[in-house]
């Protein structure tokens, strides 16, 4: 079996550790813990790291297409490796959830998230696993764009780092168990 673990975000230095990049932050954390290095792949428009875990090949992916075109990279990788959407797990930010909250789902709509909209459009399905990480709503007077492209304040950053530990554990549990239903029961909240 092969798994494709995709963290969503925007490429480039100015987006590092912005709220919209929590998916990248999580995939970076997992790969750092596993001592994996990313390779830029221009054909797939993604940074990719891979390893074998429990006898399964696992690809960790950060699309370099910018958020709104993430589906291009995901679709290309699924097609190239002959993977089914059952093998896909996407991690991304959710501004409708409180900072640091996580929600695991086996399917669902885009919920207004442009990266997820792009994936749904390109793979033709909403039936893929996802982990949403709460980044909270914008404060009064702050636009959604400025909010999601902004950095976390000190307290929220500490919360997010703790959340990334929890999501890292959830992803590892899923990769070890192979059972996303069990993972949802254990880690939702």
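One-based numbering along the chain as shown.
Even glycines carry a Cβ here, placed using N, Cα and C.
Counting only same-chain residues six or more apart in sequence, the Cβ atoms lying under 8 angstroms from the Cβ of residue 20 (active site, proton acceptor) belong to 8, 9, 10, 67, 93, 135, 148, 149. According to Swiss-Prot, the feature active site, proton acceptor maps to 20, an assignment based on sequence analysis.
Feature annotation from Swiss-Prot assigns tRNA binding site to 15, 66, 68, 114; the stated evidence is sequence analysis. Other Cβ atoms within 10 Å of the Cβ of residue 66 (tRNA binding site) number 16 in total over all chains. In three-state terms derived from DSSP, residue 66 (tRNA binding site) belongs to neither a helical nor a strand segment and is classed as coil.
Per Swiss-Prot, site 'Discriminates between blocked and unblocked aminoacyl-tRNA' is recorded for 10, and the stated evidence type is sequence analysis.
The feature site 'Stabilizes the basic form of H active site to accept a proton' is assigned by Swiss-Prot to 93, with sequence analysis given as support. Cβ contacts within 10 Å of residue 93 (site 'Stabilizes the basic form of H active site to accept a proton'), excluding its own Cβ and spanning all protein chains shown: 25.
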Task: Return one of helix, strand or coil for residue 10 (site 'Discriminates between blocked and unblocked aminoacyl-tRNA'), based on DSSP.
output: coil
- request: Return the residues near residue 114 (tRNA binding site), defined as same-chain residues 6+ apart in sequence whose C-beta is under 8 angstroms from its C-beta, sorted by sequence, else 'none'.
  value: 67, 68
Query: Non-local Cβ contacts of residue 15 (tRNA binding site) (under 8 Å, 6 or more apart, same chain)?
result: 9, 21, 149
Query: Which Cβ among the recorded positions (10, 68) has the fewest C-beta neighbours inside 10 Å?
result: 68
Other residues, Cβ within 8 Å of 15, 66, 68, 114 Cβ centroid (tRNA site): 10, 20, 65, 67, 69, 70, 115
